[in-house]
């Protein structure tokens, strides 16, 4: 019975994490439409990629005992594909400085994962030690991933706008971390439960900030609309002036020709 409950929570955690990893699709549809990364940060996606790499490896039979953590492997394996896609799109539409930042942050993540995988496979010779080694590094990566929205939360507090902190990303982050915390506790696996003890409160904090500054984010869009309308009126007036000047020139030419 306990095993069935654990697997059920793992499946729910998979569903919530899938929504979390897929949530940036809305953000990147805007990036593709505007052909610019604007003020969006690449840091959360790179940290999420690091987390997915490490926990996919953690759940494989090389580290864990047989397929005891199969739900961890499936969702993080899918997460790798999604995060690589998002980082690729961000890199494509970023400025030259943005591209350098993506490369500087992504390359160390891949190097750290490769070193972790090699050491855990060839230095440690039993599952408990491999889990302890990979889980410790994964713990740091998970805390960094759940802590990365602190950068965005600082921006929200400074600008009093939630434009660059999507609601769905915050909500699914809270939901996924809560379910995986429950899964880790049911599995008696501190390396799965511990990072989510950080992620759950941070998810709640993001939601509270969103509720507080949501109206401000909507109100700020109105001045932009009025600016567009005023610029349209100005351009219309300028065109009318040009037409008047052209008509005067034509009438003057006609008068000169008659003379």
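In case you wondered, yes, glycine gets a Cβ from its N, Cα and C as well.
Nobody curates TrEMBL annotations by hand; they come from automatic prediction.
In TrEMBL this protein carries:
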- 237-259: region 'Disordered' (REGION)
- 6-28: transmembrane segment (TRANSMEM)
- 40-58: transmembrane segment (TRANSMEM)
- 70-93: transmembrane segment (TRANSMEM)
- 102-125: transmembrane segment (TRANSMEM)
- 131-152: transmembrane segment (TRANSMEM)
- 164-186: transmembrane segment (TRANSMEM)
- 192-211: transmembrane segment (TRANSMEM)
Any residues 6+ beyond the ends of the transmembrane segment (164-186) with a Cβ under 8 Å from its own? 2, 5-6, 9-10, 12-13, 16-17, 19-20, 23-24, 26-27, 38-41, 71, 146, 149, 152-153, 155-156, 192-197, 199-200, 202-204, 206-207, 209-210, 214
Look at every Cβ pair spanning the transmembrane segment (131-152) and the transmembrane segment (6-28), keep those 6 or more apart in sequence, and say whether at least 3 of them are under 8 Å. no
